[in-house]
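Q: What TrEMBL records for this protein is below:
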type     : residues : note
DOMAIN   : 201-327  : domain 'Palmitoyltransferase DHHC'
DOMAIN   : 371-513  : domain 'Lipocalin/cytosolic fatty-acid binding'
REGION   : 171-198  : region 'Disordered'
TRANSMEM : 72-98    : transmembrane segment
TRANSMEM : 110-127  : transmembrane segment
TRANSMEM : 139-157  : transmembrane segment
TRANSMEM : 246-265  : transmembrane segment
Amino acid sequence: MKWEKLRPPEPDEPVCCCECDVYQCGCCCDCEDLDEAVSRWLRHKPCPSPAVGAMIDNLEISMVPALVLLPLLLRVAALHPLLGVTVLTALPGLVLWYYYATHRRRRRTLFFLTLALYSLAHMYYLFLTEIVPRGDVARLQVCAVTAGMVLTIASLVHTKRGPGLVHGLHADNDSPRLTGPLQPSSPGKQKTHEPPTAKWSKCPVCKIMRPPRAGHCRTCGSCVQRLDHHCIWINSCVGRANHRSFLLTLAVFVLTSLYGIRLVLRSLCPRQYAAAALFYCPGVYGQSSAALCFTCAWYSSIVTAGLAYLLAAQVLNISFNVTEREAQLALRSGTGRSRLWGLAVDTGEYSRGFCQNWIEFLTMTDASVGGKWYLIGLATNAAWFIRRKDTMKMGTSIITPTATGDLDMAYASLNSDGSCWRKNSLAKKTDVAGRFTYTCQRWASENDLRWVDVKYDEYALTHTVKTKAGASTVVNKLYGRAAELAADLMEKFRQFSLQTGVLPENIVFLPKNAECPAA
């Protein structure tokens, strides 16, 4: 068996032609599937029938009988040690086969998440009904196991809220563009924006510009911020927004499971250490309930061992500040170095030392335009701006993303007389990522707003086309998370404004100003 074929899917690799459903034999391109197809032909082995392909496509229906069979198989395994070895060996094999079948199809499936939750609930039920009544477990120990269960579920729910999707700007022909080393492009041409840093990349599938370390998951069909991997056990990607809660879920589950297994084995074999009792517990098959609990302890141990390995891999990756996706890419390109006897991969690109890597991981926040921004730069040829530009000062904008993807924008600027000038707008999202539209009731204008360039923790550049009575004007704005920005960012804003037709004298960097009190 080629273990390389069992690797997690690389999100950004191009789709091979044999992964589509047009040709079942997969004999139309140069890849491993072509080699296998030729080998089948040489050995006179037919290609899989359409019935087999249809069965794999509809494997989701096997979820219900599989869950019903799990308790039955565990009871069969408890009848005799040989049956136990057979069943506990076959179950992981079936799960791996199902993973391989769904992985090849890049399918999302609830099977693994449901199996994990059902196994957790079933083990807890047996613990309460079979082990606790034996009188060997104290109430405090039962409370500890229950607390671990509740915390595991709570952290899993938090993990499922989402990995942090990239809502970037589409690289189409309708958006402003910064070209090359910020040189004005040819006049008269429509331009597309490309972020000025080389670390940004264009997704070949979503066609959007995405920040560093983001990746596209073909299983989910979306770009994810700081993508680590697609986890089949939670049926979701692990990214910037849920990586910490994912790690917490793994840690709490492993600790709770180990503690529960220890309590079960101490109750079944009180005269032996837990580790030794797992391999030798005389007389445990003399009673059906004890044999069932012993079999479930072995089942839990197998699951816990797999998740403990995943937890260890996650801890090592975080220690070297590398994601699972980056480690795969580094190994394939030969740019990564294996560390700790091959258990970890060090790319050397983002690592800043053990402590700093963990501090960065624990303090990272979900990249979002939401929050407080300072309006630092303003550029437009509009008449109202030309009249007021000498008296305008810095203001603040509070942006709140809504549940539907719109942006609630509240701007406030302190006047010289101590009063506040405020404006609220609700920018409606469009089919193009990074593009919003809103109507300004005060000035009776229709506005087409685009987020041209964003570094969520530092700056943002927006480009708005305001249309009133058939006349259109361009308004460019430079925002900062702090009241000051680096000189190179201000120069980028100036060059961008020149590219969009704003006169040099109408590009203004606003002086600092006191902030308005909360509304």
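Yeah, the Cβs are placed from backbone N, Cα and C, and that goes for glycine too.
Curation plays no part in TrEMBL annotations; they are all automatic predictions.
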Q: Across the domain 'Lipocalin/cytosolic fatty-acid binding' (371-513), what is the average pLDDT of the model, as a whole number?
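A: It averages 89.
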Q: So, by DSSP, how many helix, strand and coil residues make up the domain 'Lipocalin/cytosolic fatty-acid binding' (371-513)?
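A: For that range the per-state counts are 22 helix, 75 strand, 46 coil.
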Q: Within the domain 'Palmitoyltransferase DHHC' (201-327), count helix residues (DSSP H, G, I), strand residues (E, B) and coil residues, in that order.
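A: Each residue of the domain 'Palmitoyltransferase DHHC' (201-327) counted once, the result is 69 helix, 17 strand, 41 coil.
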